[in-house]
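> Submitted below is the structure of interest, expressed as structure tokens.
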Amino acid sequence: MSRMAEQQLYIHGGYTSATSGRTFETINPANGNVLATVQAAGREDVDRAVKSAQQGQKIWASMTAMERSRILRRAVDILRERNDELAKLETLDTGKAYSETSTVDIVTGADVLEYYAGLIPALEGSQIPLRETSFVYTRREPLGVVAGIGAWNYPIQIALWKSAPALAAGNAMIFKPSEVTPLTALKLAEIYSEAGLPNGVFNVLPGVGAETGQYLTEHPGIAKVSFTGGVASGKKVMANSAASSLKEVTMELGGKSPLIVFDDADLDLAADIAMMANFFSSGQVCTNGTRVFVPAKCKAAFEQKILARVERIRAGDVFDPQTNFGPLVSFPHRDNVLRYIAKGKEEGARVLCGGDVLKGDGFDNGAWVAPTVFTDCSDDMTIVREEIFGPVMSILTYESEDEVIRRANDTDYGLAAGIVTADLNRAHRVIHQLEAGICWINTWGESPAEMPVGGYKHSGIGRENGMMTLQSYTQVKSIQVEMAKFQSIF
């Protein structure tokens, strides 16, 4: 693909130049080629976007529920019509295989938008009788202008997960995509405008998180920030949001999730789940089950089943329909993952497979890392304690149910957890003791629109998707009505 034209900001229904004068480049990580130069939003641009959003939000909130629902449904239709085009752009920008982006990224994002478009008429208040002459009623009102700050691993899906409930509740959103993968969020802005969204209701500000993101979190005109990213950045977002104007926050901050295989499990099923929990999207998924706990007596057999499945991974041309494994998103991220792999070797974990970059034709110029499995791991190893966010699985052994529950919970994270077992009683007994916000039994990774997703502990605050997220983008107003004569004590 030839280099794209310089990408601008999207404010008030159209593209506009950044006033900052700064730019950055976005690359294709499969081969290192520059895709585009992108303009970076500065403080003045954030001010412009907020003013635009305030204007648009008033128009948007004044529409009826059915009017807003119809506009969002039109956006869903356009997303699905342009699925292949958007998937190709997402593949170029992220490096993910087209077989994945064309069937997951836009599809699941559109599903969430359709879900919330249907829920708009369900946003309602309540009526509370006090006595014969008085009652209270409540209204759910939009917050106003909110901000979404996205991560680089699911660019358009995250933009939709954040914008769908915000817009459905009558808010306007200013979205800052990751500077690593900024392209599809701009296309989403075009689609919203084409669907009939009033100007300013969805503005996109590409830029560096430490600058553009900080300006958004500090801006007094923004009522809420929804952030997806790392723990350290999340703490800064939360501190800035509170210090500036006590903004509400929703945060999804990653994890180091356990996958527990019990001794009664079908090991073929367990191996299939472990592969999806570690190598889908080349391991760049927040919920990945990177700590795989296996009964000691099953370890050797489980390892052989994993090795057989690693042989079925197909890395290569990301547009080949047979490819199911792409490069990492950037060269700095590749280098960070390689540092973790080196640390795992240094601390005594045994490399079952992988452990290096992929080499040869089609790989040498890209950010490729081989699917890597460590075994003979211990809980104190760096690769077991810290989030790697790459194609690195750690296999650990255990002896008893109580032991594995304790060890699974021994982490600062609490995003996801899963178990594989044939015992229904054990499944629910164990899941109820695991400290994680998203749990799976005999499966892994699906996050449908109806399912609230979010973490315990350092893995986040609040939830995305589900009815509760729609409500979190509203504020409740209580009104008392008195029909009798008011009595004063004065």
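A Cβ is built for glycine as well, from the same backbone N, Cα and C atoms used for every other residue.
According to Swiss-Prot:
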BINDING   Thr26, Ile27, Asp93, Val180  K(+) 1 binding site
BINDING   Gly150, Ala151, Trp152, Lys176, Pro177, Ser178, Glu179, Gly230, Val231, Ala232, Ser233, Gly254, Cys286, Glu387  NAD(+) binding site
ACT_SITE  Lys162  active site, charge relay system
BINDING   Leu246, Lys457, Gly460  K(+) 2 binding site
SITE      Glu248  site 'Seems to be a necessary countercharge to the potassium cations'
ACT_SITE  Glu252  active site, proton acceptor
ACT_SITE  Cys286  active site, nucleophile
MOD_RES   Cys286  cysteine sulfenic acid (-SOH)
ACT_SITE  Glu464  active site, charge relay system
> Which whole-number value in Å describes the distance between the Cα atoms of Leu246 (K(+) 2 binding site) and Ser233 (NAD(+) binding site)?
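Answer for this pair: 18 Å between alpha carbons.
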> I'd like to know which of the recorded positions Glu179, Glu248, Glu252, Gly460 sit within 10 A of Lys162 (active site, charge relay system) at the Cα level.
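Candidates kept after distance check: none.
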> Under a three-state reduction of DSSP output, how is Glu464 (active site, charge relay system) classified: helix, strand, or coil?
strand
> Taking every protein chain in this structure into account, which of the binding-site residues Ile27, Val180, Leu246, Cys286 has the most other Cβ atoms within 10 Å of its Cβ?
Cys286
> Please find which two of Gly150, Ala151, Trp152, Lys176, Pro177, Ser178, Glu179, Gly230, Val231, Ala232, Ser233, Gly254, Cys286, Glu387 have the most distant C-alpha atoms, given that the record lists them as binding NAD(+), and give only that distance in angstrom, rounded to a whole number.
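Binding-site diameter by Cα atoms for NAD(+): 24 Å.
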> For the recorded positions Glu248, Glu464, which Cβ has the most other Cβ atoms within 10 Å, all shown protein chains included?
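Neighbour-count leader: Glu464.
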> Please identify, among the recorded positions Trp152, Val231, Glu252, the one with the smallest Cα-Cα distance to Asp93 (K(+) 1 binding site).
Trp152
> Nearest to Val180 (K(+) 1 binding site) in three-dimensional space, by Cα, is which of the recorded positions Ser233, Glu248, Glu252?
Ser233
> Please report how many Å separate the Cα atom of Cys286 (NAD(+) binding site) from that of Glu248 (site 'Seems to be a necessary countercharge to the potassium cations'), as a whole number.
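Taking the Cα atoms only, Cys286 (NAD(+) binding site) lies 22 Å from Glu248 (site 'Seems to be a necessary countercharge to the potassium cations').
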> In sequence order, what residues of the same chain, 6+ apart, have a Cβ less than 8 Å from the Cβ of Trp152 (NAD(+) binding site)?
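In sequence order, Thr94, Ser178, Val180, Thr181, Val329, Ser330 meet the Cβ cut-off.
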> Any idea what DSSP makes of Pro177 (NAD(+) binding site), helix, strand or coil?
coil
> In whole Å, how far does the CA atom of the residue listed as 'active site, proton acceptor' lie from that of Gly460 (K(+) 2 binding site)?
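About 5 Å separate the Cα atoms of these two residues.
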> Compute the centroid of the Cβ atoms of Thr26, Ile27, Asp93, Val180, then list the same-chain residues not in that set whose Cβ lies within 8 Å of it, in sequence order, for the K(+) 1 site.
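Neighbours within 8 Å of the Cβ centroid, excluding Thr26, Ile27, Asp93, Val180: Glu25, Asn28, Pro29, Leu35, Thr94, Trp152, Thr181, Pro182, Leu183, Val329, Ser330.
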> Taking each of Thr26, Ile27, Lys457, Gly460 in turn, which of these binding-site residues have a Cα lying within 10 angstroms of the Cα of Gly150 (NAD(+) binding site)?
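Hits: none.
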